[in-house]
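> Just dropping this structure here.
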């Protein structure tokens, strides 16, 4: 039974890694090609490209960690792998948060001076958000390095102090991890409020049909909902992975949690392609061209076989 479950999880994890890598490479190549053609790139394309690149790195780290534990279940990520995971995970999460902020400021309209001020300076807000995430990342890496150095020293008589330091580090890491998620939730709630307010105005002055602004806000909401659901699943998988490894080792649960972790950067990137008009058109066009090439190749093989007969 366990071997069957491992086989299923192996298929899922490998498929998620392959699909996620392909999708994120596709987003990067399409946006870079458009950038070279137009000699310019929009803000949303920059964010999506940076997000895709960060998720390629995150997928590589997650799949490497999953494969290592698959070969030897007693092996867990070392310090270098942990640092690489923290870097790629933080970049991915903060860039996703920047995308949520971008949608909020570009789409919604609030009669508030502060919001209007931020809306006019959306580029500066995104840059400030990313710099804040980078500073938090550096602080977490410094704390992790200090903690690792203290663990290597293993001072006698300081067991209680090291335990307290470990608790402080866990709190700092938890707070740093959930700050961008909380910001995304706030953006999501504000977007819901804006959509509710907009729909109420539409009922008063129109026949109830959806206008372009409503459709754009609904599309942004779908993207945020998918991100929040997937990041919740991803966070749960990381908690399960750490808990089962350190507290209650269970091979099947550990493999399941790591497989769920790989699904997050893969599925959300697929959702981003489907929600972006340019990326969706490029994807459909490439799929159609691939099908035409396959049909042409099949016809050529048929004609060759008929000539040989």
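The backbone N, Cα and C atoms fix where each Cβ goes, and this holds for glycine too.
Predicted automatically and left uncurated, TrEMBL annotations should be read as such.
Got these off TrEMBL a minute ago, pasting:
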TRANSMEM  6-27  transmembrane segment
TRANSMEM  47-67  transmembrane segment
TRANSMEM  79-105  transmembrane segment
TRANSMEM  125-148  transmembrane segment
TRANSMEM  168-195  transmembrane segment
TRANSMEM  216-236  transmembrane segment
TRANSMEM  256-275  transmembrane segment
> How about the transmembrane segment (256-275) and the transmembrane segment (47-67): at least 3 CB pairs under 8 Å, pairs 6 or more apart in sequence, or not?
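Checked: the transmembrane segment (256-275) vs the transmembrane segment (47-67), in contact.
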> Quickly jot the same-chain residues contacting the transmembrane segment (125-148) by Cβ under 8 Å, restricted to those at least six beyond its ends, or write none.
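Result: 43, 47, 79, 82-83, 86-87, 90-91, 93-95, 97-98, 101-102, 105, 118, 165-166, 169, 172-173, 176, 179-180, 183.
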